[in-house]
Amino acid sequence: MKLVFAGTPEVAVPALDALIASDRHEVAAVVTRPDAPAGRGRRLVASPVAERAQEAGIEVLKPAKPRDEEFLARLREIAPDCCPVVAYGALLPKVALDVPARGWVNLHFSLLPAWRGAAPVQHAVMAGDEVTGASTFLIEEGLDSGPVYGVLTEEVRPTDTSGDLLTRLAFAGAGLLAATMDGIEDGTLHAVPQPHEGVTLAPKITVEDAQVQWSAPALRVDRVVRGCTPAPGAWTVFRGERLKLIQATPVLDRTDLAPGELSAAKNNVYVGTGSHAVELLWVQPQGKKPMRGADWARGVRIAHGELLGP
């Protein structure tokens with residue numbers, strides 16, 4: 001089939017590579033978000049998908065909005081059979097959805113109808129899901145509500161960050177998306193409506209959402225830290241400045257600390273929660289590089305009974 005691929009971040013690149021490598025499909029063009037400022041100099045930088053497409057000699061379309069007439073005219077001119085999508089980053093209007101003969105097919109990183117929305121992997125980790133996965137589905141005007149073509153499952157490991165899990169799903173999902181394109185072309189794959197039961201939502205995790213509440217149980221603190229790593233980054237406040245929490249682990253035999261209370265030993269630093277303590281393994285003070293929690297604690301000389309939090 002003739003395809004127009006839509007995607008933007010690094011997580012979409014494995015799927016694009018899988019479709020480029022396919023001997024059954026032609027990636028005629030790529031749609032991605034416009035170049036965005038990055039780095040200290042705030043220089044405009046092309047998206048990872050745009051860079052990969054340019055390396056492969058594929059036409060790149062960067063509409064400010066996917067309803068722009070110039071973009072729609074070019075899309076109609078290309079006349080794709082199908083438009084596979086991975087983390088494009090903009091809602092597609094009906095006028096765009098109607099262009100490809102076989103629609104737009106999204107690779108979504110959850111087992112739909114669970115975790116519909118922008119941050120399914122982060123929410124799966126934060127909720128303590130033991131299994132998640134990826135789904136390919138036909139995009140409709142609703143939020144991730146279209147009929148499903150295929151799914152795969154992936155174990156959520158006890159130490160997974162959302163970044164770890166998303167990386168595995170990106171590579172596994174690339175094969176699922178390519179197989180979905182094959183099945184659509186063959187006419188052997190038919191989308192099945194999502195059940196009405198089991199719908200959960202996964203809105204974008206904000207910086208405010210990522211603030212650790214020390215009154216929560218240790219298990220919840222651990223999940224928030226892992227779910228918000230690498231982005232937006234779990235955090236707390238120490239002496240009026242933000243402290244990023246990169247890695248923490250529950251310590252089941254410490255129940256002597258009040259929520260937010262710090263306790264430093266020679267090679268460890270602990271903080272109390274609503275249940276057990278957690279050990280801060282890696283942190284990043286404001287304006288500094290990541291460091292081991294014990295090294296940070298030695299440097300700041302924690303006072304007896306000193307607290308983390310607002």
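For all residues, glycine too, the Cβ spot is worked out from N, Cα and C.
Positions annotated as (6S)-5,6,7,8-tetrahydrofolate binding site by Swiss-Prot: SER110, LEU111, LEU112, PRO113.
Counted over every protein chain shown, other Cβ atoms within 10 Å are most numerous around LEU112 among the binding-site residues LEU111, LEU112. Same-chain residues with CB within 8 A of the center of the SER110, LEU111, LEU112, PRO113 CB atoms, the (6S)-5,6,7,8-tetrahydrofolate site residues themselves not counted, are HIS108, ALA114, TRP115, ARG116, PRO120, GLY133, SER135, ASP144, VAL148, VAL151, GLN194, GLY198. The least crowded of the binding-site residues SER110, PRO113, judged by other CB atoms within 10 A of its own CB, is PRO113.
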